[in-house]
Amino acid sequence: MLLAGAIFILTIVLVIWQPKGLGIGWSATLGAVLALASGVIHIADIPVVWNIVWNATATFIAVIIISLLLDESGFFEWAALHVSRWGNGRGRLLFTYIVLLGAAVAALFANDGAALILTPIVIAMLLALGFSKSTTLAFVMAAGFISDTASLPLIVSNLVNIVSADFFKLGFTEYASVMVPVDIAAIIATLVMLHLFFRKDIPPTYELARLKEPAKAIKDPATFRTGWVVLLLLLVGFFVLEPMGIPVSAIAAVGAAVLFAVAKKGHGINTGKVLRGAPWQIVIFSLGMYLVIYGLRNAGLTDYLSDVLNELADKGLWAATLGTGFLTALLSSIMNNMPTVLIGALSIDGSTATGVIKEAMIYANVIGCDLGPKITPIGSLATLLWLHVLSQKNMTITWGYYFRTGIVMTLPVLFVTLAALALRLSVTL
């Protein structure tokens with residue numbers, strides 16, 4: 001147990017710290033090699049772990065490539081400018097619409113896409129409107145927060161969702177039928193908390209005339225138009241083809257390939273830059289990190305957590321839902337959500353929970369790992385990258401400020417979201 005734990009801690013430190021620019025994939029690989037060399041894991045564990053991660057990572061990469069291509073075409077800036085006009089010069093309405101745009105982008109393009117793509121666009125738009133630094137910070141924090149809290153509804157909305165759905169063999173429609181209503185509750189709770197927390201920083205009015213026409217944001221009309229078609233077909237494909245046994249990754253890959261072909265033909269987008277910007281290291285990272293996690297499982301860590309979950313299960317649906325969600329949220333905030341989701345899944349699988357109680361734990365694990373990372377900067381890799389992007393835009397958010405904001409914002413939203421899950425599973429739709 002001690003050796004497996006030491007290897008895990010070393011791996012997490014390297015992944016978060018990234019000394020001398022060491023990629024997350026290589027840090028995780030080092031951890032996996034150490035685990036294999038020390039006997040913490042075995043050769044036979046590699047295909048088992050690969051079976052857990054391949055579909056998730058392939059889907060994630062395809063979705064991010066689609067989002068990068070659409071970003072280069074001007075799709076997201078066009079959308080942001082439109083919702084800004086819907087605000088009709090009223091600051092609170094603009095704030096609400098930006099948050100709802102972030103929720104929509106997170107649902108369709110994953111939380112990473114929402115945070116990293118929308119943030120620079122929102123900053124540029126707010127600068128054009130002449131907003132103060134405190135107002136800009138409020139909007140940026142809101143965009144970053146909603147990208148995670150609203151990444152629940154679809155399997156493709158978060159890498160955590162894909163990993164968990166693959167592990168427990170959850171179908172796309174089955175997952176969405178539970179989590180779409182839960183996500184709506186999360187969005188409402190997030191909106192309320194954001195308006196309360198940043199109420200003094202949101203201006204009463206803004207000048208619409210300062211914003212450029214949305215049409216001027218479109219840089220590649222062909223890719224822009226094709227993007228709408230691809231998104232529609234992807235959603236249809238996810239709901240129709242996935243139940244037939246076609247992997248979500250294959251459906252997403254076809255969509256990415258079609259959009260990429262259109263973008264390459266148009267010459268308006270540097271497709272090579274897009275490919276280089278795709279998160280290829282996530283494949284190596286997921287395999288390496290999850291091999292390290294499997295070492296913790298082999299050492300018996302997940303057995304301890306299974307015992308805790310068994311006690312929660314004995315207390316009923318609400319205790320199982322809230323207990324699992326808050327436990328995995330805490331673990332995610334301390335040791336990152338990617339390792340936590342697999343630890344949670346293995347622990348749930350090893351518990352004696354059955355029926356709706358086990359189902360509640362599965363979805364609560366996802367919620368905890370999606371929302372928990374908002375408590376601390378190290379909760380997710382996307383947050384660390386997001387903070388880096390902000391620093392490049394001369395917006396430095398200290399870890400202390402992030403934690404103070406995160407803890408106040410996250411806990412109420414997490415409670416409401418988990419309560420919505422318990423209510424959803426209490427009724428048969």
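The backbone N, Cα and C atoms fix where each Cβ goes, and this holds for glycine too.
Sequence-remote contacts of a segment are chain residues at least 6 beyond its ends whose Cβ falls under 8 Å from one of its Cβ atoms, and for the transmembrane segment (24-44) they are 3-4, 7-8, 10-11, 14-15, 18, 280-289, 291-292, 294-295, 298-299, 381. According to Swiss-Prot, the transmembrane segment annotation covers 24-44 (among others).
With a threshold of 8 Å between CB atoms, the same-chain residues lying at least 6 positions outside the transmembrane segment (46-66) that come near it are 109-110, 112-113, 155-156, 159, 162-163, 166-167, 227, 230, 234, 247-249, 252-253, 255-256, 259-260, 274-275, 278-280, 282-283, 286-287, 290-291, 294, 342. According to Swiss-Prot, the transmembrane segment annotation covers 46-66 (among others).
According to Swiss-Prot, the transmembrane segment annotation covers 98-118 (among others), on the basis of sequence analysis.
The transmembrane segment annotation in Swiss-Prot covers 121-141 (among others).
Feature annotation from Swiss-Prot assigns transmembrane segment to 178-198 (among others); the stated evidence is sequence analysis.
According to Swiss-Prot, the feature transmembrane segment maps to 228-248 (among others). The list of residues near the transmembrane segment (228-248) in space but at least 6 beyond its ends in sequence, with Cβ under 8 angstroms from a Cβ of it, reads 55, 58-59, 66, 108, 154-156, 162, 171-173, 176, 254-255, 258-259.
As annotated by Swiss-Prot, transmembrane segment applies to 249-269 (among others). Packing against the transmembrane segment (249-269) from elsewhere in the chain are residues 54-56, 58-59, 62-63, 65-66, 69-70, 72-73, 156, 219-220, 222-223, 226-227, 230-231, 233-234, 237-238, 241-242: each is 6 or more residues past its ends and has a CB under 8 Å from a CB in it.
The transmembrane segment annotation in Swiss-Prot covers 274-294 (among others), and the record cites sequence analysis as its basis.
Beyond the transmembrane segment (316-335), the same-chain residues lying 6 or more positions past its ends with a Cβ under 8 Å from any Cβ of the stretch are 8, 12, 305, 308-309, 341, 343-344, 348, 353, 356-357, 360-361, 364-365, 367-369, 371-373, 375-376, 378-380, 410, 414-415, 417-419, 421-422, 425-426. Feature annotation from Swiss-Prot assigns transmembrane segment to 316-335 (among others).
Within its own chain, the transmembrane segment (407-427) is flanked in space by residues 145, 149, 152, 178, 181-182, 184-186, 188-190, 193-194, 197, 317-318, 321-322, 325-326, 329, 356, 359-360, 363-364, 367-368, 371-372, 374-375, which lie at least six positions past its ends and keep a Cβ under 8 Å from the stretch. The feature transmembrane segment is assigned by Swiss-Prot to 407-427 (among others).
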Same chain only, please: residues at least 6 beyond the ends of the transmembrane segment (274-294) with a C-beta under 8 Å from a C-beta of the stretch. Say none if there are none. 7-8, 11, 15, 23-32, 35-36, 41, 45-46, 48-50, 52-53, 56-58, 60-61, 64-65, 68-69, 72, 112, 159, 163, 260, 263, 338-339, 342-343, 346
Remote residues contacting the transmembrane segment (178-198) - C-beta distance under 8 A, at least 6 residues beyond either end: 92, 95-96, 99-100, 103, 107, 138, 141-142, 145-146, 149-150, 152-154, 161, 359, 363, 366-367, 371, 405, 408-409, 412-413, 416-417, 419-421, 424-425
